[in-house]
Amino acid sequence: MSKNTKKHRQKAAGIDGGGSSRNQRESHKMPESERLPLQLKISDFLAGSEDEIVFKGLSNIQRKYMHQFAARLGLKSQSYGSKNNRELHVRRRKRLTTLGDVRPLNMSAATRAVLKSLLPTIQTQLVTNQVIVQSNPNASHRYRNLRSDSISVALGPRMIPPRAQRISNELFRDKQELPIYHYQGELHQMLKQHNVFIINGETGSGKTTQVPQYILNEATRRNRPCRIVVTQPRRVAAVSVAHRVAKERGEPLGETVGYQIRMESRVKKTSNLIYTTSGCFLRSIMADVRGLFRKVSHVIIDEIHERDKNTDFTLITIKEQLKLNKDLKVILMSATMDIQLLSNYFDNCPVLNVPGQGYDVKIYHLEDILFHTGYRTALMEKYLRSMQEAFPTPTSMFSDNVLETMMSRTTADRLEDEYMQQVLDSLIEQCCESVEIRSKEELNEMFDQIQYYIESEGMSINAGHSETGLTPLMAACKCNMPEFVQFLILRQANVGIRDHDGYEAIDYARLHADGLCLQILMGSTNCVERVKQQEELSQQDKEKHRILAAYQQQFNDDNEVDHDLILSLLEGLYRNGHSGAIMVFLPGYNDIVQQRDLIQSTLPSGTYKLCILHGHMDSKDQFEALQRHPVRKIILSTNIGQTSITIPDLAYIIDSGKVKMNTYDSITESSQLQAIWISQADACQRSGRAGRTQNGVCYRLYSKAKYQFMPQFSIPEFMRIPLTEICLYAKTLEPKCGVQTYLQKSLNPPSTLSIQNAVRKLKILGVFRDDESVTELGKHLVDIPLDVQLGKCLLYGVFLKCYDPILTICAYHSVKDPFILPTDRSAQGQASFQRKSFSGQSFSDQMGILSLHKSYMEVRHNPRKVREFCNKYFLSHSAMEMFCATRKQINDVIKNMFNINYMDKMFNNDWHMIQLCLVAGFYPNVALIDRKALKLVCGAEKQLLLQRTSSLNPPGKKHLKEFINQLPHDWIVFYEKSRITNTCTINMNTVVPSLMIALQCGLDCDIIKNVGTEEDDSDEEELECNDDIDTDSDSQHSLQLTSNTATNNTTNSHSSSTSHSSNILNDFEVLQQKLSTTLKNISLNNDNCKTIMSLDNWIKFDIQSGDAKLLLLMRIALHTQFLAFLKTGPNAATSSAAFCIQKLLNTLHSSHAATFKMTV
């Protein structure tokens, strides 16, 4: 074991956020046998639709653990009751509503003067755009279907595949030895008889590389045109498999066989076999679904058990296409999935079962590893010594012989046990004698006493009556007390003990007709099996469990990865001279870096090749892991390495059992990235990597019991992600079908609440109308390879003529963060300082993005300088190149939509225009700086924190309160909101003026004149929009001037049946009418009475009524011009609108805006 064990473990704990806190140590007190059933119940709760789950009969320690565990998963928990009747309630978070505090908005005289001067210009723009839109109602989307990453764009008509070239005898033998080779006849027969079927092929069967080749060969023999698209969940698999198949056909890559992934393509118009990612295939469907399936004869969806969102959505489309296209052939391939579920989904389609390679994989679980390697820490040794003192021989730990255990105890201990036995005898006798005549209240009181003695006085849960042998569990079953049976089962009561008459608890449970106790016992079959297995344990197994218990007392495997144990295994394999590559599965990048540093500081340099497999690495780097090397190869991989790739010399797997998974709470609209336990199917996939070409060994860093409690399959991505993009896709493909109805067609439909929340957000963003029809904005967003909010932000960048900086910001937010967190703690402060240095004093992370991109482009083409630049600023070169490539791809898409020229970049250096675009795109991600309470709030979130990486949380400032007073404005727009337990943080933030919030935030804007103020008691002039005045009996006059965003539906009830062009005209006409009404009724007199300008349920401004009316006018004009821009593209009128906005924003004073013009 490494001498720096303690230091490394503390470092790992710090990265995972767990640390070595008191709460974490509390969980060590609970044995794994108690934690696992509780975790399983929570997992089932999360997978279901219930809002609450109740736990009864938990001990204090169990309740403490459950509070921590629930908080880590973003759940709310609370205990109720007293003493023995205490219950733990775990609930999902609910959406909270808040009226919000009214914030002052004081407009400067210069801003007010500019707003008034713009009125004639606005009227002219209105007339001009009215003529353009009405004369050209069908002009939108004239640049569709030109997506650079669409497969159908790159391909021509289907062609007859050429004959494969001669290959080496060795390569040919390798193909023949694959299990799938012997199933070619069955494969061709199924293709003739069925349009869709499943290949259930075990890991290593050869299905991914061989099935497409068999289809190509058959098409060549029959002289038939053929084109196959094979989808993979990950880029590395699509690229590596394409290379392998091209090699097996004796051809260069990019001819018959090619691949297409984001930012990379090796495909010709004549290619017959294309490997692609599921995301790229879905974008191709959205670009031109009919054209795509005209050019493709076969679709093979590989690794379908991954259940990513793109694959699940694609299945809906394919199921519909099978009804329309009788010639389409679909093959679904999986190694570990609920095949019956998939078969039922496709009308009981047939299944072709193919065995695996047949190589043996020896699996060692945590208890085996600890026993055989002799891995010990100081804490483990201390705990083992204490166990030895309490139990002189290992067998006594598992023995039920009370006398033998008591021999090593003191006289006081024996007297205490005698007293406990008397108490137990008395209580059981009272419970079981004359049970028929005892009331429920009497029985509850007696069993509460038993529970008290078990929890608080140390009474053995499996102790029996001295004469009858009845245990508390048997007594509870005999008296038909299901609540108490549940309590005992959760405390791991032994259900296999027999009384002196030979009866077990389950025999007494069968006496009662309602079967409540019996049902609980039957549900604890795992406990029965555990007891029976425990009785049959060998001496070696008992020692393994003793060491495992010691290990789990000092290491919380729920939160951490034991990097030192992994290093110990690597050192053992290294010293013993075992041949073959080693793959270590780790949750994420931080764990990979930490493990890499441990290896490099321990193993002799030059004697091994260290490779890394990670989803955001360049394809070239990932190929290093697939090649043979003259020295021992060690591969550190995330879950990307568990599917579709074959590493020929791989012999050993070390499986941490963890994966980084991003879960999204649609109620609080926050995400949570955390390391969680994998499923049993994933565990089998990982161990199968070692048995592809030879016998292998898999070391699982989790116990056999933990494996048994893992979920059988992974949670589908549909169940744990925001569904806004999916809902937009659904409505685009099936405009006449409701989103809820369409997504109910999926293999595992997402919850109704998640869909409703996604649809609600799309309406707020102006992507859906009230009837769920897609607006003009939504139709543009479908074609942009960005999430909905970034896409909207980018379109505003084109509209407001600051395209380049907004393009850079949106591209950055759509890729992995390029900044690296160094594992050396002493360097982490420097890394944070360098990262934040790009933002300077701008109070904006987005400003930092622009400065970073500018600086990087200056050195990008000089290898030495770019290496120095990345080292200085702690940047990943590959991630920066991905950022630049993504920027180019998005730029190509936008150029196909609009004729971008220098006029569309006129305000590239205007920071205020950039800020306004961010507000338009990021809303509703808005936070308020409460200067009185010295905290951040956001809608229903009572308090937010700034993420440590944000430039608004500068180096050296430990608390937000010290920094708030330095911020120039009260509002922050942010891109990310994440939750860690009960703490909610925001990241990628920009401070913005109140005027921008008033112009761009909110679906509707209500102006309420409050006559309760001193000014309102005078004879001030009333608001002049008489048709809209609603006089109530109370002391308020309410003016409802609704300024819907550019694409919100305000049409009448029959609008859902209108055509696309009439919907556009209705949207435009409604905004036009509102603008005309406001212009007609607005008073230019200096109206000093105070009004409330309400943008949504929490953003409200206290403002002079005259200023409010001017701002409302500008809001409506801005949204009207944006809609006209989406409809017709840039024109003189929309350009004039951009100049008006720029003139207005220039009245805002900002020192860092001037700095921006000088630096970017």
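Heads up, residue numbers simply count up from 1 along the chain you see.
From the backbone N, Cα and C atoms, a Cβ is placed for every residue, glycine too.
A TrEMBL annotation is a machine prediction, not a hand-curated record.
These numbers come from a predicted model, not from an experiment.
According to TrEMBL, the features are:
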COMPBIAS  1-11  compositional bias 'Basic residues'
REGION    1-35  region 'Disordered'
COMPBIAS  23-35  compositional bias 'Basic and acidic residues'
DOMAIN    32-94  domain 'R3H'
DOMAIN    188-355  domain 'Helicase ATP-binding'
REPEAT    468-500  repeat 'ANK'
DOMAIN    569-734  domain 'Helicase C-terminal'
REGION    1014-1038  region 'Disordered'
COMPBIAS  1014-1033  compositional bias 'Acidic residues'
Grab the same-chain neighbours of the repeat 'ANK' (468-500) for me: Cβ-Cβ under 8 Å, and only residues 6 or more beyond its ends, written as numbers and ranges. 31, 33-34, 37-38, 55-59, 62, 400, 424, 428, 431-432, 435, 438, 443-444, 447, 450-451, 454, 461-462, 506, 508-509, 511-512, 514, 516-517, 520-521, 524, 527-528, 531-532, 535
Please list, for the repeat 'ANK' (468-500), how many residues fall into helix, strand and coil according to DSSP. 16 helix, 0 strand, 17 coil
Residue distribution over DSSP helix, strand and coil in the domain 'R3H' (32-94): 32 helix, 15 strand, 16 coil
Across the domain 'R3H' (32-94), what is the average pLDDT of the model, as a whole number? 81
